[in-house]
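First comes the structure, then the notes that go with it.
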Amino acid sequence: MEKFEKVTGIAAPMPLVNIDTDMIIPKGFLKTIKRTGLGVHAFDEMRYDRQGNENPDFVLNKPQYREAQILVVGDNFGCGSSREHAPWALADFGIKVIVSTSFADIFYNNSFKNGMLPIVLPQEQVDMLMKDAEKGSNARMTVDLENQEITTSEGETIKFDVDAFKKHCLLEGLDDIGLTLEKAAAIDTFETQMHQARPWV
Amino acid sequence: MSAPKTLYDKIWDAHVVSEDEDGTSLLYIDRHLVHEVTSPQAFEGLRIAGRKVRAPEKTIAVPDHNVPTTLDRAKGIENEESRIQVDALDKNAKDFGVNYYPVSDVRQGIVHIVGPEQGWTLPGMTVVCGDSHTATHGAFGALAHGIGTSEVEHVLATQTLIQSKSKNMKVEITGKLRPGVTAKDITLSVIGATGTAGGTGHVIEYCGEAIRDLSMEGRMTVCNMAIEGGARAGLIAPDEKTFEYVKGRAHAPKGAQWEAALHWWKQLYTDEGAHFDKVVTIKAEEIEPVVTWGTSPEDVLPISGSVPAPEDFKGGKVEAAKRALDYMGLEAGTKLTDIKIDVVFIGSCTNGRIEDLRAAAEVVKGRKLADGVRAMVVPGSGLVRAQAEEEGLDKIFLDAGFEWRMAGCSMCLAMNPDQLAEGERCASTSNRNFEGRQGYKGRTHLMSPAMAAAAAVTGHLTDVRKLMELEDA
């Protein structure tokens, strides 16, 4: 996984609440056996009509937001299915950071595994960032993971929380499986003990 | 004496391999269920890294999302991408030596129905699958939740998962359900009350008399939709009904191991005085048969109600409700029972078990499908289908004009050809009413199997109690 660098980029506003994984990537695109190439289909049913023409009203189709790297979104983003195709599609589109008042658990975890940073903030701060994002491409935000800080286009800073282990993995671009395999001896021991205690498992 | 623990605490503690200072834990996984949609990239990752599946004997694979449910499906899958995905699972199961139920096997079905049916799911286990409805297995007092594909690969390679512990939430349903009200009405009503983010960051334990009174099938329906309430998992403490259901199943323990297992399972309950971070209590008597009107599972109303107006809501939900009404083609103030339907879908991991088919058949028996309505019954597994046929349920459905299908996920998410056409309105026993879920621009109303059957025979959303000639309807 690539290391997460400081991001300075365009933020796109998507204030709708409960944006679900079916909206982020409709099931027709789950038939792939690859991880790549889904960016063009991100938000497919909102972004295109049935003939594949762009819907000009959809935020990411507007000229000022086509290069967005940050999404400021409504509450409970990513609810629904466990499909990692949702973060794959957003990451492939070029999204690096998503800010909301809350995320669905599985989507939240999946994002970190794909080098994306989901940030949870109180309503007032999300409202403020939403307003900043609505200004368009002249308004660029900076997200600094190392210092856990967002800087708005006006130069205001907002602190955010992030799990220490997840932060470390993102900054270093670490592969979870490699890390866990370093603990193989502990897993062996646990299995041996469990086989004694619960042999039916 | 140690502090009182919740059921979740107990299962968690029994599976921690190691714990870091910040609480990040390595959790051992007892059962890993795998289907064709969320696993190909994970197996590919193993191949690239030259890794094996650590515990193939604890890994169970079955194709379900893409499989056709038509009677002639032995001739193969027409859609090329779907076929490639199912073929990939065939190959991966063989190459990595995991337990496998191919489409041709009578035991094939929806992964969350096959697991419990074959006795893979047992109380006190940790169960994961690259599928959010893994919550279903919580009905056995197993800690079960969905994971993404990166985590699928992690579990395949290490039989563990890196996890932070969730908070404890209790949902108590006191008293007794009234006639005509089912497990689906409980689980939808809970989401209606708490919202789709109400359980975020929590593991829910469902308890109370009405939960105890449910069969294992009903408990699976309740836990299945814990994820729709935002929870990481749903749990119900195991009891005699659980043990009775598990006993004798293909992969359940036998003999002395059964006795040892039973001894441990009987300790799987929340201790008196254990701490819950959040508590929700609902009176069973106040739960009515419900349906959804919008495009989020929290858009729940009793069937006696009317379509709400956006201004009935607050904050971001006002815009969402406006959008939902537009998508659903509904006017505020319309009585729910005046909403006409085109399609009925009975099936899914929420309601594709034998009890669900019995409940629907009871309503359908002696009646006919309403004019212009298309209806399909899709059993959750080949064994559910066989059982239903033994009981003559297939005949009841066929006589009424329903289609009687082979097992799979089918129109719950419409990855196979079972889809709604643009603008079609469906009474569905599935779990999600999201935009486009059952087909592009398709409109979904979620409800219980009995309610879906009632809609099928009347042609509009209907209070099933009217058809049951119940006095309190």
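Yeah, the Cβs are placed from backbone N, Cα and C, and that goes for glycine too.
Marked as [4Fe-4S] cluster binding site by TrEMBL: B:Cys349, B:Cys409, B:Cys412. Taken residue by residue with DSSP, B:Cys412 ([4Fe-4S] cluster binding site) is part of a helix. The Cβ of B:Cys412 ([4Fe-4S] cluster binding site) has 28 other Cβ atoms within 10 Å, all protein chains considered.
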Please compare the binding-site residues B:Cys349, B:Cys409 by how many other CB atoms fall within 10 Å of each one's CB, and tell me which has the fewest.
B:Cys349
Please report the DSSP secondary structure of B:Cys349 ([4Fe-4S] cluster binding site), reduced to three states.
helix
